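Q: For reference, the structure I am asking about is given below.
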């Protein structure tokens with residue numbers, strides 16, 4: 001069993017570069033199946049989710065070369081075969097294969113997706129959109145069968161009942177090679193959606209409105225190869241900004257797009273965090289006094305649900321009482337009992353997280369229950385006095401590229417141990 005050992009209480013300094021966006025690349029890789037030639041992605045993060053996606057692509061017949069942060073995929077050999085259940089079940093973003101396989105073959109046999117357990121994340125919105133485009137859905141054991149019964153998937157006017165990044169991207173990808181026009185209303189607006197649309201348009205798609213709540217896709221017959229730069233990971237950037245404010249004595253975070261983090265930065269400024277925003281970087285100063293605030297997550301451009309857990313350790317340094325309300329994922333509270341083990345004055349009351357600061361954290365044995373909870377525990381371990389041991393670290397490695405090396409370069413006493 002692998003674990004992370006941290007000897008905390010040491011102020012960090014230096015510079016850390018943000019990697020490419022996990023939430024983009026997990027959708028970009030499956031979308032490449034639609035291309036008729038080689039596609040190259042630059043800025044691909046070295047995370048285990050990427051390794052899993054590469055393995056799935058190779059099992060399906062794609063030729064893949066991955067060197068440094070450059071990923072080259074030739075999808076011409078991809079075959080219409082049932083997808084490997086084991087890998088699919090471990091990867092929530094595997095549902096992005098639905099849209100790309102439907103767009104290319106008009107059918108798909110896939111296992112139901114896995115990933116972090118954050119409460120209900122139904123794929124009903126995806127399936128409702130596919131059905132509007134002529135797809136029939138059936139189930140056999142642990143597999144889901146999607147088929148157009150030999151017909152070409154067709155365009156449709158689709159209204160998303162709730163704002164969903166995954167359903168918006170999946171529908172957009174499927175519609176790219178559909179017959180006719182597709183309109184998605186109440187679409188999600190996240191930067192990762194724009195990134196996927198940019199890749200597809202560079203491959204020859206006709207997509208307008210990505211980043212707004214109405215996206216229009218005019219189907220095309222062929223998509224060609226291209227080269228694409230993955231956007232920076234705004235969640236990784238936010239994690240390091242919060243970490244820098246919590247335990248830093250001057251840290252510069254580079255490869256940052258400020259416009260993707262405006263709501264997050266605004267809440268930090270409300271706390272009293274001192275920082276300087278540069279063209280593609282943010283310098284976080286050593287902090288003095290901070291005040292407690294209330295966080296309420298909402299769809300982009302609101303406060304990202306993926307950032308409420310990584311921010312929590314910093315909130316524990318603030319003076320006063322505050323609350324965290326996650327309106328997106330109701331079970332995103334699993335980091336709370338782990339932080340309590342470390343001495344945090346924090347609890348869950350009526351589905352809301354309530355904290356009283358400042359809390360003095362001490363090292364403890366804790367368990368990462370999901371990706372962003374794991375990030376919170378790493379920051380808490382760096383803040384705490386003494387030794388912190390984090391288990392279940394596979395969640396952390398799913399989404400944070402080279403996290404041990406990056407933190408070590410800032411001066412952290414942190415190790416990944418193989419038991």
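A Cβ is built for glycine as well, from the same backbone N, Cα and C atoms used for every other residue.
Worth saying up front: this structure is predicted, and the values here are computed from it rather than measured.
What Swiss-Prot shows for this protein is this:
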| type | residues | note |
| --- | --- | --- |
| ACT_SITE | 116 | active site, proton donor |
| BINDING | 22, 23 | phosphoenolpyruvate binding site |
| BINDING | 92, 121, 122, 123, 124, 125, 306, 328 | UDP-N-acetyl-alpha-D-glucosamine binding site |
| MOD_RES | 116 | 2-(S-cysteinyl)pyruvic acid O-phosphothioketal |
Q: Based on DSSP, name the secondary structure state of residue 125 (UDP-N-acetyl-alpha-D-glucosamine binding site): helix, strand or coil.
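A: It is helical.
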Q: Could you round the CA separation between residue 22 (phosphoenolpyruvate binding site) and residue 123 (UDP-N-acetyl-alpha-D-glucosamine binding site) to a whole angstrom and send it over?
A: 20
Q: Could you tell me which three-state DSSP class residue 23 (phosphoenolpyruvate binding site) falls into?
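A: SS state of residue 23 (phosphoenolpyruvate binding site) = helix.
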Q: Would you find the one among the binding-site residues 124, 306 whose Cβ has the most company, meaning other Cβ atoms within 10 Å?
A: 306
Q: So among the binding-site residues 23, 123, 125, 328, who's got the most Cβ atoms within 10 Å?
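A: Answer by Cβ density within 10 Å: 23.
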